[in-house]
Structure formats: C-alpha cells, structure tokens
C-alpha cells in the first residue's frame, strides 16, 4: 500500500445488460445493475477517484435501506492508504452491515478492507489470494521534510496495525511481525489468520439425489 503515491485505474469498456420490464426494455451498465441488488464491486487499484465512487455507493445504499446488508466484492491489488481508509471508515460508519468477498486477490489495502467487513460476513472464494504488508512511501526534499514524512508513515503503520489486530483477533506485535514483508495467503490460510470468516465453496448435491428412480 502506498502512503503518498497514486494509481491510474485501468479503463475498459463496461458491458450493458437488458431487462424486460412492464414498460418495455431497460438497459443498465453491469455495475448499476449490481448496485440495484446492493452489490458493490471494487475491481481496481484503490485511489481517490475509486474510493469516492465506492463511498458514494455505500452512502446511497444506506439511504435506500439502512437495515439491509451491502455486499462488497473485492479484486484489488491495493493502493493509496488514505483512499482505502476513506472506504474503511465509511464501511464502519454506515448503519448497514457490509459483507466482504474476495475473488481473485485482495492485497495490501484490499486485504485491509476485506478484513474490515462485518464480523461473520467476510468471505473468500477458494482460489483467492490475500496479501498483507506494511505501508510504504517515498520521501524526498530537505531533511526536515523527509523526517516529517517518515513520522507520518510510522503513525499510519501503528494505526493500520491496531485496526487489523482488532479485526483478526491477533496482537499488534503479531501483525507487525507478519507484515514486515509481503505476506501471501491462500483463502484457507486467510481464514485461519482471521482475515475472513469463511471460504465459499459450492456444495455438491446430496448423494443419490440425481439418480434415476427404478
């Protein structure tokens, strides 16, 4: 996760879906259609623009119905700490419970947001990858400027470690040690660590349910 940097999200054509209504056909972009079902998809590196979009969707869904869950699907390599914290704080602020799902990967601030979902409602798909590490940032300028930036990185690190410890049940010292370098985990390892509550697997039909009756 970057403290001072920024990311330019990858742009791509957005598919549309067409639905039949009593008034005829209605066309939605796929993300608006998912939002109708209270699903938010975070599939980009996290910067201020992406964070603003996610925050706006969280606030909108809370205004629509504060008692219904919001589902946040995450496939992100992480990004800027302050942008991620903006999303995290909004997740904790809204009255809705925010369930989090990791598919693909949740790295850095992506993993932080995954862990910040409602307790008991944090999920990963079987082949998802989760990575945690310490925040980092480049420093330049006069010695006093570098010192100020270094202090800010240390402050953010302490804050992030404390939050992560709260959500995982680990100690701050454990988090500090385990994030000293890039720490990659499988979905099952992330569950054991406390980053997610369940690994979602398709349940096969009960034996014999699809057999021909003689």
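Using N, Cα and C of the backbone, Cβ positions are placed for all residues, glycine too.
Just so you know, the Cβ of residue 108 (active site) picks up 28 other Cβ atoms within 10 Å once every protein chain is counted. Annotated active site per TrEMBL: 108 (among others), in sequence order.
Summarising the annotation, TrEMBL assigns active site, nucleophile to 108. Annotation note: residue 108 (active site) sits in a coil segment as assigned by DSSP.
The feature active site is assigned by TrEMBL to 133 (among others).
Its own atom aside, the Cβ of residue 133 (active site) has 17 Cβ atoms within 10 angstroms in the protein chains shown. The distance from the Cα of residue 133 (active site) to the Cα of residue 108 (active site) comes to 6 Å.
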